[in-house]
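Trainee: Take a look at what TrEMBL says about it:
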| type | residues | note |
| --- | --- | --- |
| ACT_SITE | Asp240 | active site, nucleophile |
| BINDING | Tyr306, Tyr378 | substrate binding site |
| DOMAIN | 74-153 | domain 'Pus10 THUMP' |
| DOMAIN | 167-413 | domain 'Pus10-like C-terminal' |
Amino acid sequence: MDVLPSARALLATGPLCDNCLGRPFADRSFGLGNGERGRGLRVAAALADDEDFDPGDPHDCWVCEGATARFDEWAERAVEAVEGVEFDTYQVGTRVPPLVEENEVLLREDAGLEPDAGEPLRKEYNREVGKRFGRLTGAEVEFGRPDVQFLLDLDENRVEATVNSAFVYGRYRKLERDIPQTEWPCSDCRGSGRDGADPCPTCDGTGYLYPESVQQLTAPVVEDVMDGVDSVFHGAGREDVDALMLGTGRPFVIEVEEPRRRDVDVERLEADINAFADGKVEVEGLRLCTHGMVERVKRLDASKRYRAEVEFGGDVTAADLTEAVGALEGTTVEQYTPNRVDHRRAAKTRTRTVHDVEGELADPRHAAVEVHGEGGLYIKELISGDEGRTEPSLAGLLGVSATVTALDVLAVEGEDEPFEDEAFFLD
Ligand SMILES: [Zn+2]
Ligand SMILES: [Zn+2]
């Protein structure tokens, strides 16, 4: 294609700014801006035809109606929209008035070009305002999931700014029993804390069945330090309310919505949380992470290591225990859905592997049993046999009843790979 005749045809449609003249050729000569393309064509056409040079006034442009003269202004407005917010990455989107979109098609048709020749004004706007925003703030453009994103609504003359969530990964230990992982609203008053005009008698007016949770002991500190508007706690599974979480701790991600700070000192944050949680909960290994870590924490197959305090219905010798424990090690256990499990869940038989078991007798009626099992293995039932619904079981092998009196989780680890994959960390 010879560009000069096309440029003449475009100029003949009416007053055009350099950008609107150059944009139909946006896919030519990489490295030029559309404004430079348009200016070059305008100069070349004037020289070739030996005509007086008319630079064209962007405000008179019949296609964009002066929009290309306002890149700087929109970039400054975007900066203002996130004043006081900390971010490293951004993305700019533009909503162009429908009339201007129609003009773009008309321009090309009138000049005998394809209706989508070059690129649309929307794309040029995203790029040009984005470049300026980057220069003004030092932030980098990111097309995946940026810290902040903008929609420049040229039609409504408005900047819509979105501050995306920030994420902190860590592992928690729960050192006291009867603390649920997440807030547990009272089912009687549905969390309102009210019973008509009176406080709800079930929860003493607190709205919660348990006064504290791992979430309530950790997430508010992160939310406060990051100066966000809300937070969400994502755990890699959860232990029973009455179980302790010890050892390696359990992986989690705390998501802070609309944070004004995201580049926080995680060591200091860790100390702040641990002071706030006051020995009931402890966190460690805090790191800033990506949004992708939320899915990883929630979906990665994990194996668990448990420690169970067990009481027997008859006397057991150390030799019996060693033999029974040896028989369980490495076996595949069939477990029919236990009675204690939520009855809304469809009952079925699941099979899970017992990786490793160790038992230590305290006296003929009591033992401590450590089990390392595949995720989803029901430990209380592995010990008790659950009236024949779990096979094999410690009780079945010993020939006496066995009951778990206390259950703690010692480790939560990825079954095939660790949770801590460097690709998901920001620091
Ligand atoms: Zn224009
Ligand atoms: Zn209540």
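A Cβ is built for glycine as well, from the same backbone N, Cα and C atoms used for every other residue.
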Trainee: Which state, by DSSP, holds Tyr378 (substrate binding site): helix, strand or coil?
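Mentor: SS state of Tyr378 (substrate binding site) = coil.
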Trainee: What's the number of neighbouring CB atoms sitting within 10 A of the CB on Tyr378 (substrate binding site)?
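Mentor: Around Tyr378 (substrate binding site), other Cβ atoms within 10 Å: 21.
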Trainee: Using a 10 Å cut-off, grab the number of neighbouring Cβ atoms around the Cβ of Asp240 (active site, nucleophile), all chains included.
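Mentor: I get 17 for this one.
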Trainee: Among all the protein chains here, how many other CB atoms are within 10 A of the CB of Tyr306 (substrate binding site)?
Mentor: 25
Trainee: What are the helix, strand and coil residue counts for the domain 'Pus10 THUMP' (74-153) according to DSSP?
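Mentor: Looking at the domain 'Pus10 THUMP' (74-153) with DSSP, the answer is 38 helix, 15 strand, 27 coil.
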Trainee: In whole Å, how far does the CA atom of Tyr378 (substrate binding site) lie from that of Asp240 (active site, nucleophile)?
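Mentor: Cα-Cα distance, Tyr378 (substrate binding site) to Asp240 (active site, nucleophile): 11 Å.
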